[in-house]
Ligand SMILES: Nc1ncnc2c1ncn2[C@@H]1O[C@H](COP(=O)(O)OP(=O)(O)O)[C@@H](O)[C@H]1O
Ligand SMILES: N[C@@H](CCC(=O)OP(=O)(O)O)C(=O)O
C-alpha cells in the first residue's frame, strides 16, 4: 500500500461514513471533579452536525471518575481502586444524563454501552458487542461507550479509553478515528518543553515514534497521556483506519478534514477485525511454550498450534482466554485464544491429534490454539 498524502488522509476523514470519536476526561470536566457542561455541549454540537450530515458516529467518552469525585465531596481524583469504582458509578450517570440532554436538542438519541475487556475477548461476547453497536447505528443512535470502570477487575482491563477506542473503531469498521484531548496536536516533545513543535502529519506511526518524545498525562484527571494515544493511532493505522488527534474544541474542523491537529495515515489495508482484537484487547493470562518445529509453523502465519509441538503451559486460564505462544528461549511469537483450560493442557503436551483422540477422547483432538484465533506479534 503506497503512503497517502496528508490531504488524502484528511479528505478520507472528512468523507468517513462511520467515525469513532474518543474524548478524554480533561476535555469534559473541571479540575474540581465536576462536569463542564459548556464544553460537553460544544462537543455534542460538532458530533450532532456530523450525525445530521449522515455519518454514523460512535462516541467513546472518558470522564466518569473525573465527573464523580466532586459530587462525592473529594478534592482530587481518588487513587484507590474501590473509591475509583464507586466514583465512576456516580460520574457515569451524570455524564450520560448530560449527553442525553445535549444530544436531545438536536433530536439525536444516545445509547450507553459499558465494556469490560473480559466481556469482549471471547468470540461470542465480541460478536455480541459488534451486533449491538451495529444495530444501534442502524437505528440512528449515537452509542456512547466507556469502560465499565465500576466492575472491571484490575487484572484484566483496558485501563485507558484510547486503546479501547481504536479497538472499537476496528470493531465497527470505522473509516476514521478522532482522538480529542486537551492539547491541540501531537508535538515533537511534551508541549511543556519550550522547543517542542507541532507535528501535522504522521505518514507512518511506527517509524514516527523514533523522533518523538512522548510523556504522560498533562492533567490531574487524564490517564494515559500521549503514549496511549499513539498506541491507539498505531492500532488504527494497522487496521487501515486514519486517525486525527486534536483538542475537543477543534472537533468540528477535525471531522470536516480541516488542517488542524495531527493526522496519522493508515499503514495497512484493513484486516480481520477479530484477529486484531485478539492481538491488542487484553493481557494474556498464560503462556504456552512450543518447540522449534511448532515455533517455525506458528511464525509461518497459517498454522494452528497443535499439542504435538507444545512443551509446557504456564499460568491459569480458561478456554477462550488470551495466551502468549512463546518459543523455548521465552520470546513471544504470537497471541491467541486458548482452545482448552490451562489445567487440561499438561496431559495433551507432545501428543499428536491421533494420540489425543485415542487416549483422551474426541473432544481433545483439537488444536491448543486454532489458527483463526492466532495473531503473530
Ligand atoms: N509529545 C507530546 N505531544 C503532545 N502532548 C503530549 C506529548 N507528550 C505528553 N503529552 C501530554 O499528553 C496530554 C494528553 O493526555 P491525557 O492527559 O491522558 O489526556 P486525555 O484525558 O484527553 O486522555 C497532554 O495534555 C500533554 O501534556
Ligand atoms: N474510564 C475512565 C477514563 C479512562 C481514560 O482513558 O481516561 P482519559 O485519559 O481521560 O481518556 C473514566 O471514565 O473515568
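Using N, Cα and C of the backbone, Cβ positions are placed for all residues, glycine too.
As written in TrEMBL, here are the features:
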type    : residues                                        : note
BINDING : 22, 181, 182, 223, 224, 225, 226, 227, 228, 229 : ATP binding site
BINDING : 62, 149, 161                                    : substrate binding site
DOMAIN  : 286-369                                         : domain 'PUA'
- [ ] Write down the Cα-Cα distance for residue 226 (ATP binding site) and residue 62 (substrate binding site), rounded and given in Å.
- [x] 15
- [ ] Under 8 Å Cβ to Cβ from residue 22 (ATP binding site), same chain, six or more residues apart: give me those in sequence order, or none if nothing qualifies.
- [x] 59, 60, 61, 62, 161, 162, 164, 165, 177, 178, 179, 180, 232
Task: For residue 149 (substrate binding site), nearby residues of its own chain (Cβ under 8 Å, 6 or more apart in sequence) - done: 64, 65, 84, 85, 88, 92
- [ ] With the Cβ under 6 Å from ligand 1 as the test, give me the qualifying entries from the binding-site residues 22, 149, 161.
- [x] none
- [ ] Translate the DSSP assignment of residue 226 (ATP binding site) into the three-state scheme.
- [x] helix
Task: In sequence order, those binding-site residues of 22, 62, 149, 161, 226, 228 whose CB lies under 6 Å from ligand 2 - done: 62, 149, 161
- [ ] Translate the DSSP assignment of residue 22 (ATP binding site) into the three-state scheme.
- [x] strand
Task: For substrate: widest Cα to Cα gap among 62, 149, 161 in Å - done: 11
TODO: Could you say whether, by DSSP, residue 161 (substrate binding site) belongs to a helix, a strand or a coil region?
DONE: helix
TODO: Grab the pLDDT values for the domain 'PUA' (286-369) and give me their mean, rounded.
DONE: 92
Open item on the list: Can you break down the domain 'PUA' (286-369) into helix, strand and coil residue counts using DSSP?
Closed with: 28 helix, 24 strand, 32 coil
